Amino acid sequence: MNSLSTSAFSLGLLLVMATAFPTPGPLAGDSKDDATSNSLPLTSANKVEELIKYILGKISALRKEMCDKFNKCEDSKEALAENNLHLPKLEGKDGCFQSGFNQETCLTRITTGLVEFQLHLNILQNNYEGDKENVKSVHMSTKILVQMLKSKVKNQDEVTTPDPTTDASLQAILQSQDECVKHTTIHLILRSLEDFLQFSLRAVRIM
């Protein structure tokens, strides 16, 4: 991807973010508006859905590259790596599933989880040996997705930031001289983010 196409991509994503949510209506005095204010507007939900699909496509390409170029497909060592990384997951208590769905709780958890993944993607971007443009695209798109979703969270203080020690721990793993550990960690991050986004996509569709 040349600099011109990269700039065009960045501009396109920023435009998506800028138009993701319509101008807010009256803050009070309209009971009908109050009744529907908890739901994502149709156009907003569509834009969020399309952005998630875009990110999933890029992740799929990166995972294929990991498999083809580094022979890093499914691996039994991932179970150990997963325990060490504590990557974000969506669980029943997060209110994102059909049973027990809670939009505010779900939006907060998805946004917080993506903020955590941003940290991993930032470090991954600096250590990935394959298609760095795809990694940059995933990182940038995820950042925009966070902003789109966070704007709909009522109590934004509930969106927590990652523990700084996570940064140092992951950095140490990815700078390891053990290529197998490094590639397994990258593969796991991509796979976990893919799973997280797939569950998020289902949740967005019922908001």
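Cβ atoms here come from the backbone N, Cα and C positions, even for glycine.
When you check Swiss-Prot, the disulphide partner of Cys106 from the set Cys73, Cys96 turns out to be Cys96. Its own atom aside, the Cβ of Cys106 (disulfide bond) has 24 Cβ atoms within 10 angstroms in the protein chains shown.
Residue density at Cys96 (disulfide bond): 25 other Cβ atoms are found within 10 A of its Cβ, drawing on all protein chains shown. Other Cβ atoms within 10 Å of the Cβ of Cys67 (disulfide bond), summed over all protein chains shown, number 13.
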